[in-house]
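The feature domain 'FeoB-type G' is assigned by TrEMBL to 2-163. Among the features that TrEMBL reports, GTP binding site is placed at 9-16, 34-38, 54-57, 114-117. TrEMBL lists 20, 23, 24 with the feature Mg(2+) binding site. According to TrEMBL, the feature transmembrane segment maps to 273-292, 340-364, 384-406, 418-445, 451-470, 511-528, 540-557, 604-626, 638-658.
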């Protein structure tokens, strides 16, 4: 018989790490809150009797945020067989408040005491037996990111779980309210496997999900009686919360002791520098600049040059020899070499640089620094109607705009989610990086890192400007920004490599699917016209690009090659480079393509083209997820049109200025 285990816990408690070691999967793991924004499912590796559901990290069951609603909806609707509550052993007070809420549901629960190494490093001594006795459930000490404690946890699954036995004495008025609600809940038929006392407490707290469930399943007469009970205790929410925290504090006094007290930890000393109100922000930009130097000047470029040489030489020559030996038709050989290899190779050659960028960003994430960067950005984001929490989705946009927009679910205010989703596409994704790398190598070889760094910073500035304008029309709530700062950790090499591969393989996968298909289509369009076989300049491809090209004349790139490249870039930004590889007939070498670009681009037109690619209409995947997350065709169309118009204006201004300088 299959059992469902719901993995629940506070953000950054290690849920996704535990999910990965239990299921053998490689979900994204980060040393900051909000990595999981939707539920994920998997089976325990080697076992088909336990299904694990990884729910978003939440601090309570108050159902205010989307993550809390997702988690509570699953607990109420699916009623999992076991709740696996993973808690941060180094921060028990905050974590145990949520544990108490879970235990009050009456569902069988197992508690994983994660991050025991961090707790011990802080001198915390936890009496596990006393905690188990107080909570009434079994606890398993673990260090999930290293796989420690996995066998003990699996053994606990074998023996089953039991409901907790938390006994909290709430204030008299709360207890009277609970007593009045219990028979009403029973009359409504709501006393299922979920504990009726817990439902009563959640009703008194005004929990949105419980209120919705009761309203859907209860007649008006009973609802009216239940509302009157709640109205008689207007401060029930605060009273219940205070009682829970007091109970948790009492348990911790008896079960946790500190063997050594350090006035100022190493983490505090580092934070005093990295979070300094004056030095903090320049240090952040310095780190980002160094990342681009590593990517484009020191390491990444060498990898791309080596890969380009291999693709243009042994790979293409070997494929051509193979096709000739197989007596392949001449047209098919040309298709594979001049179409597929040229198109896909033009994109794949930049994989080393993209992988280096992802590796560097993963180091910042896993070390705990990226969460600090969100704190640094808070004061600036407040000026545009957001707070530091919005920085997390925006940073994710450097990898891909799609998960960045999905990550806006972590924001409490709906209007903040909308505003962040609309500006996220201005974050320069990895797909655009291939275009930048091609053009800076062709026109600005000695300033590659600086030019790309400028593009990334300008994208951020345009996002801020857009948010500033939209904030005048979209009223956002001024929320208190509270961000949990995770402990600094030495990034684990295996985790870094897996994260880098997981992010990079999406880029490679596109090359094997979308870009492959587009390369084939573009080759055929470039070989034929209405009159049959034709030179490239008279082909369908040239005609399509020629129709579009006049739009870009004021920016200096009014050639059919650039026109068709930008058109196909709407499908995926990587396709811009693939299209140019086919359109310019560059063969299999990106170096050759880079040498051909100056024939149709001036340096001023090249920098203008880069700014246009940075800002113009996001790819179709981003547009569709924007529609899904905002729930509005209006905002989706606004994003498409606004970004194109903004890109046109900025690129024109850049072209005019660049002509005066270059």
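Placed from the backbone N, Cα and C atoms, the Cβ positions cover glycine too.
Note that TrEMBL annotation is computational and uncurated.
The model shown is predicted, which means the values in this text are computed figures rather than measured ones.
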Given the binding-site residues 9, 56, which one has the fewest other C-beta atoms within 10 angstroms of its C-beta?
56
Say you check the Cα of residue 115 (GTP binding site) against those of the binding-site residues 20, 23, 24; which is nearest?
20
Which same-chain residues, if any, lie at least 6 apart from residue 24 (Mg(2+) binding site) yet have Cβ under 8 Å of it:
42, 45
Reported as an integer number of Å, what is the Cα distance between residue 15 (GTP binding site) and residue 23 (Mg(2+) binding site)?
12
Quick one: pull the CA-CA distance for residue 56 (GTP binding site) versus residue 23 (Mg(2+) binding site), whole Å only.
17
What is the separation, in Å, between the Cα atoms of residue 12 (GTP binding site) and residue 20 (Mg(2+) binding site)?
14
Three states by DSSP: which one describes residue 9 (GTP binding site)?
strand
Any contact between the transmembrane segment (511-528) and the transmembrane segment (540-557)? By contact I mean 3+ C-beta pairs closer than 8 Å, pairs at least 6 apart along the chain.
yes
Reduced to three states, what secondary structure does DSSP give residue 115 (GTP binding site)?
coil
Taking pairs 6 or more apart in sequence, does the count of Cβ pairs under 8 Å between the transmembrane segment (273-292) and the transmembrane segment (540-557) hit 3 or more?
no
Per the 3+ Cβ pairs under 8 Å rule, pairs at least 6 apart in sequence, do the transmembrane segment (540-557) and the transmembrane segment (604-626) touch?
yes
Tell me the Cα distance separating residue 9 (GTP binding site) from residue 23 (Mg(2+) binding site), rounded to the nearest angstrom.
18
What stretch of 340-364, 384-406, 451-470, 604-626 shows the most Cβ pairs under 8 Å to the transmembrane segment (418-445)?
384-406
So what pLDDT does the domain 'FeoB-type G' (2-163) average out to?
84
